[in-house]
Amino acid sequence: MKVWGAHGEFCARHQWEVIVATLALLACAASVERNGPGNRSEHCAGWARACPGLEAEYQAADAVIMTFVRCAALLYAYYQISNLHKIASKYLLIIAGVFSTFASFIFTSAVASLFWSELASIKDAPFLFLLVADVARGARMAKAGWSAGEDQGKRVGRALALLGPTATLDTLLAVLLVGVGALSGVPRLEHMCTFACLALLVDYLVFVTFYPACLSLVADFASGRKEMSPDSPFSEADLKPNPVVQRVKMIMAAGLLCVHLTSRWPWSSDNGIIEGPTDTLTPTSNDNILLHSYVKWFSVSADYIVIATLLCALIIKFVFFEEQRNWVIDMNDMTVKEVVQEQARSKPKFSVGDDSNSEVSTQTEGVLEDEWPTLSPSSSAAKLNSKKRPMAECLEIYRSEGACVSLSDEEVVMLVEQSHIPLHRLEAVLGDPLRGVRLRRKVVGARFQTELAIKQLPYLNYDYSKVLNACCENVIGYVGVPVGYAGPLVVDGKPYMIPMATTEGALVASTNRGAKAIGIRGVTSVVEDVGMTRAPAIKLPNVVRAHECRQWIDNKDNYAVIKEAFDSTSRFARLQEIHIGVDGATLYLRFRATTGDAMGMNMVSKGAENALKLLKNYFPDMEVISLSGNYCSDKKAAAINWVKGRGKRVVCETTITSDSLRTIFKTDAKTLARCNKIKNLSGSALAGSIGGNNAHAANMVTAIYIATGQDPAQNVTSSNCSTNMEVCGENGEDLYVTCTMPSLEVGTVGGGTILTGQGACLDILGVKGAGARPAENSARLASLICATVLAGELSLMAALVNSDLVKSHMRHNRSTVNVQVQAENITLKVPTL
């Protein structure tokens, strides 16, 4: 397996080298001189002239057998195309068919012409390739090569590691089986079988060398295109062979090998040559020659009439009568199970706009999947269709295996309903996250009578392996949030497209308008890595002991001991400060530490816990009340975060010219500065706001948080922002704007950043993963968020002074259902006095 994987990865990573080398060998084989003096065959003059040895082609047995072979090839090709149409998208069908049939045909013809010139030009070669080509194997390879996850080379290598041994055994068995035809004694069939054996061998070599390289190359060119991705999720179970079938194939191969050894025994006849008289047909008259020609023409015509009729029938059936359905394929045994889908269509009418009476009609289609029973990647059709076994037997299988891989979906649900399997552990027990989510949806829907509602919640085409034990539990699906972009927004001299995930209309458009006003001048930012905090609450017997404990911690030498214990828990967490709050005999130890590119809550909690264990050695009478005493303060509006900071402290500034204010915002600097003072400063102070001296910073913060996999609940603290506006410039017509955000809690590793979509948004910003220096990427993300907040603040303030807020929300954020028809039938009763 490792050898196959390494070979496949090599071919995928050295695409051009493998392709060029293969084509070079093809060119060499095609250019070799084959027509030597003794190899040129004699041709007969005239189509009606009888030639020696030619009559064998028109023997009755020969014609019947060849017609049967050609028809079988057409039927098998039709079967292959039908199955491929169900396996995946039409693109996999095209690529697998081209590379498995056309490439192998070209290479086999070149090799055959090099060694056996009489085999290279046989007219039944296309039928042979239809009969021996395994297009489904190429489709499986393509589906695995385009699955999500590792890089292209590793995906192709893993697929070849799973398919390589099976392909080797299948090729060996096919060569031995087809080789039996070479012992039939029918000349044409012998030639065809010899050519077919050669075709199988060359097709195998193309599959393990040329095909992986081409597949990797096509995948690189088509990366990011939705239509080129597989229609159903890929699982390694799709490629794993059935061990029982493999053993049967090995037994068959051994038996066929014995047949070949017996039939081809070298001393079965003298010199292995069967001698016999050679009959030649000598025409006696022109009438006999003409009659013989008619007979030959009729036999050939009858042969092709049968084949043409069959081919036309198959084409008509496939094009006009083939029913288009959705199928799910078990890739192990090519068993098909139909999945019927309900389609619910509704056509609501919406009125959108200001005073316009025009109606915008939209049609939405909701697809409700019929989930029971569905063929999952890890369960076979036999398991789904088999009779449900008794509870005791299923329970014994589950306890003996420690898993439910061999149980059907109905049997697993039965164990869940009887409380033998916890509902939250389905993914771990089944070993298949997607199947676990699907069965949980079934159980929850039946238990709470919400089947129809759950069916409307999407769950397919999502990598739940990244969610498990990292982001969410009891998963039943996912909610798609639209992601828009604002920009380009120039920050510190570099333009960025800012991804924002939101369902609030006008937010992205408003932020984009602010970015346009900022223009090429851009935003200048400064970032300070304050560090994440955690504040355990500890209690001492009395205030004297509490005072002694506080003094002990404040001592520099003792602090160094605590810092060493704290820092030992992580490669990145580094303790910066212990700020102590006192309430009677209770101490609140606010540990503040830098955490690299991670947001760092878990790091700081782990370090604080280890520091408390050390402190317990010096103060045995100390009691740990809680690892978090709300003095941190996490996910709550608190002045301590506003004053001392938490996470990243960011300050951004920019200057908007008077021209931009007039043309884009339709206002001036004095108006905006006056509104900012009255609204953001005086109004927030009158309301007693903590860190709320801004227009709507939380909007931009939360939208970017959702898009980039941050903790959305952290927006409570992270949205602390002070927006200031001042007039500036020679004539006092320009506007100087600053945004100060002292507690932006962000990270580019861990948490939701590991998910595919969120990671893509981080990649758009160029801050995915850990930076070259600790906290480099997280600090850059914090500065981009603050700059986006500044752009959004500008746009909203301009909309407020121009009374554009309601108008823009009516246009972008308010879709009113047309209730005119319902309103006509409303009767209003007015009570009499």
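Residue 1 is the first one shown; counting continues down the chain.
Cβ atoms here come from the backbone N, Cα and C positions, even for glycine.
Residues annotated as transmembrane segment in Swiss-Prot, with sequence analysis given as evidence: 10-32 (among others).
Annotation comment: Swiss-Prot describes 91-117 (among others) as transmembrane segment.
If you look up Swiss-Prot, you'll see 160-180 (among others) marked as transmembrane segment, on the strength of sequence analysis.
Summarising the annotation, Swiss-Prot assigns transmembrane segment to 301-321 (among others) and lists sequence analysis as the type of evidence.
Feature annotation from Swiss-Prot assigns region 'Linker' to 322-419. The average pLDDT computed over the region 'Linker' (322-419) stands at 56.
The region 'Disordered' annotation in Swiss-Prot covers 347-374.
Here Swiss-Prot flags 354-365 as compositional bias 'Polar residues'.
The annotation region 'Catalytic' is assigned in Swiss-Prot to 420-833.
According to Swiss-Prot, the feature active site, charge relay system maps to E504 (among others).
The active site, charge relay system annotation in Swiss-Prot covers K635 (among others) and rests on similarity to another entry. K635 (active site, charge relay system) is surrounded by 16 other CB atoms, counting those within 10 A of its CB over all protein chains shown.
Following the DSSP three-state reduction, the secondary structure of N680 (N-linked glycosylation site) is helix. Less than 8 angstroms from the CB of N680 (N-linked glycosylation site) sit N693, N694, A695, S722, T723, each of them six or more residues away in the same chain. Under the heading N-linked glycosylation site, Swiss-Prot lists N680 (among others), citing sequence analysis as support.
According to DSSP, D711 (active site, charge relay system) is assigned to coil rather than to any helix or strand. For D711 (among others), the entry in Swiss-Prot reads active site, charge relay system.
All chains included, 23 other C-beta atoms sit within 10 angstroms of the C-beta of N715 (N-linked glycosylation site). Annotation source Swiss-Prot lists N-linked glycosylation site at N715 (among others).
What Swiss-Prot lists as N-linked glycosylation site is N720 (among others). Annotation note: N720 (N-linked glycosylation site) sits in a coil segment as assigned by DSSP.
Taken from Swiss-Prot, the feature active site, proton donor applies to H809, supported by sequence analysis.
Look at Swiss-Prot and you will find N813 (among others) tagged as N-linked glycosylation site.
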### Summary
CA pair K635 (active site, charge relay system) / E504 (active site, charge relay system), Å rounded to integer, equals 22
### Query
Around D711 (active site, charge relay system), which residues of its chain at least 6 apart sit with Cβ under 8 Å of its Cβ?
M599, Y705, E745, G751, G752
### Query
In sequence order, which same-chain residues at least six apart have a C-beta under 8 angstroms from N720 (N-linked glycosylation site)?
N641, W642, I690, G691, G692, A697, M741, P742, S743
